[in-house]
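Before I ask anything, here is the structure I am working with.
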Amino acid sequence: MAQKPSIPKGTRDFTPQEVTKRNYVFNIIKKHFEIFGFQPIETPSFENSDTLIGKYGDEGDRLIFKILNSGDYLNKVDEHTYNAKDVSTMTPKISEKALRYDLTVPFARYVVMHQNEINFPFKRYQMQPVWRADRPQKGRFREFYQCDADVVGADSLLQEVEFIQLYDAVFAELGLEGVNIKLNNRKVLAGIAEVIGAEDLLIDFTVALDKLDKIGAEDVKKEMTAKGISTDSIAKLEPLFTLSGTNSEQLSVLKNMLSSSKEGSKGVEELEFIIETVKKLGTLSAKLSIDVTLARGLNYYTGSIIEVAAPENVDMGSIGGGGRYDNLTGIFGLNGVSGVGISFGLDRVYLVLEELGLFPETINQTLQVLCLNFGEKEAFAALTLTTSLRKFGIKADLYPSDAKIQKQFKYANNRNVPYVILIGGKELEDNIFVVKNMETGEQITYAMSNTEVFVQKFKREIGF
RNA sequence: GUGGUUGUAGCUCAGCUGGUUAGAGCGCUUGAUUGUGGUUCAAGAGGUCGCCGGUUCGAAACCGGUCUUCCACCCCA
């Protein structure tokens, strides 16, 4: 009995068309990573559990895919643990490895392990899949690609400036207009918490604030109250709920509000420096805006927090994010090394481009010339021609069997091939070949002895 | 992890309060067309109705479980 095949929830197969489009995005991101001077590394798909567990908070731990030990792993569990049936004590005994949850923590591990051979400041990029045991939704998968660029060993805020330029360069080349690069700073958030007297509740406070867009000021206040933030404290937040206007208008409100907090003032200064410097270096095609409600990744970000929102006309969360973590490698024993980085969510960028129809029309021209097959002798001549076209870098192929011409044409149509070449008995005899333009239907005859005439015309028309 | 939602031909979907042989469009195959695709016409192939169980004389339809899809939480790219 044949079993009905399936793939795990939240995973996907990719068709040739999809892979082609994914590679298009992938290559543009990669190109700009390299233009900005980043070097590639790769790390294993799975890490030792203790490298990952505890680095993303309780919620993160829940979403890490654990790998069961090999062998007779249950036998090695002591009776007490076994009978207790408690996940948190049992898991470490039967699982010592886990799938990569993001690229940042493995990178921190990499830096610590290779600290003696790394030439600091180290700018690395990494484009690999990560796995999360999350419940899938649109734009949310259990296996997806992240494309990260990070710098370690550089404290300067100029890094942040460059990352904003990098985001902008990628989205500009992808033709994606209307993205919003949102900027915040943990010091600002900490400053606010300090000013309202809720330092201890920083995380709860920011998580609630993060929802302002979504659930509105009233519900945010309710959530804050539920988390134990006093009514007095919440009242002091009032300026934030109505914060709007240009970046400089927002900065001056924040400056005022945080004047009594040293840390908060520092954060405002940093925001101001980044925004001013980006402005001086030239215009961005994306929007760059301050957003004090932005609070992702707070478990390790210590300074800048960056998040990229998809254009407003598409329903997609963030398509990228990043920030600065002053002491990320500290958790692996290397202190005093600052890191800052950004990430592109490849799968989400893909979905946005698809929804807006922004992939180039020619992207699925995976074959540029198809030679039809009229029989054994003709096919040999056609393969000879195909071989020389390939040497010119043209994506060329010969139909593998002498099927009905109608069928071969249909195949060419479906493959989106712009040119079909016919070498039948007549052409073989006269030492010529006929090129049919599939769009216009025009047919031109060329001499076999001079394929370059066709190649030149082809290159002019296709443009490469 | 909580609550909801979806699943019928390769694809998109109809299928009435349970009733005989489960349909359409597109796609596919063949022919009109033995060297010319997209258009047209004709014919044809293709279905464990997601899976398992239950109710019933009778289930694609009702009930339970399970898997999957999408959505809202949680959290996140």
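Glycine is no exception: its Cβ is also placed from the backbone N, Cα and C atoms.
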According to TrEMBL, A:Asp102, A:Leu103, A:Thr104, A:Gln146, A:Asp150, A:Arg296, A:Tyr300, A:Tyr301 bind L-histidine; which one of A:Arg62, A:Arg132, A:Arg135 is listed for that same site?
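For the L-histidine site that includes A:Asp102, A:Leu103, A:Thr104, A:Gln146, A:Asp150, A:Arg296, A:Tyr300, A:Tyr301, TrEMBL also lists A:Arg132.
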Which chain-mates of A:Arg296 (L-histidine binding site) that are at least 6 residues away have a CB under 8 A from its CB, listed by sequence?
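Looking at Cβ-Cβ distances below 8 Å from A:Arg296 (L-histidine binding site), excluding near sequence neighbours, one finds A:Asp210, A:Ile305, A:Glu307, A:Ser318, A:Gly321.
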DSSP secondary structure for A:Arg296 (L-histidine binding site), reduced to helix/strand/coil, please.
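In the DSSP reduction, A:Arg296 (L-histidine binding site) maps to coil.
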Do any residues at least six apart in sequence from A:Gln146 (L-histidine binding site), in the same chain, have a Cβ closer than 8 Å to its Cβ, and if so which, in order?
A:Asp102, A:Leu103, A:Gln126, A:Met127, A:Gln128, A:Pro129, A:Val130, A:Ser343, A:Phe344, A:Gly345, A:Leu346
10 Å Cβ neighbour count around A:Tyr301 (L-histidine binding site)?
24
In this predicted model, what is the average pLDDT of the domain 'Aminoacyl-transfer RNA synthetases class-II family profile' (A:1-400)?
91
Does A:Thr104 (L-histidine binding site) have same-chain partners at least 6 apart in sequence with Cβ under 8 Å from its own Cβ, and which are they?
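Set apart from A:Thr104 (L-histidine binding site) by at least 6 residues yet with Cβ under 8 Å, we have A:Asp148, A:Asp150, A:Tyr300, A:Tyr325, A:Leu328, A:Gly341, A:Ser343.
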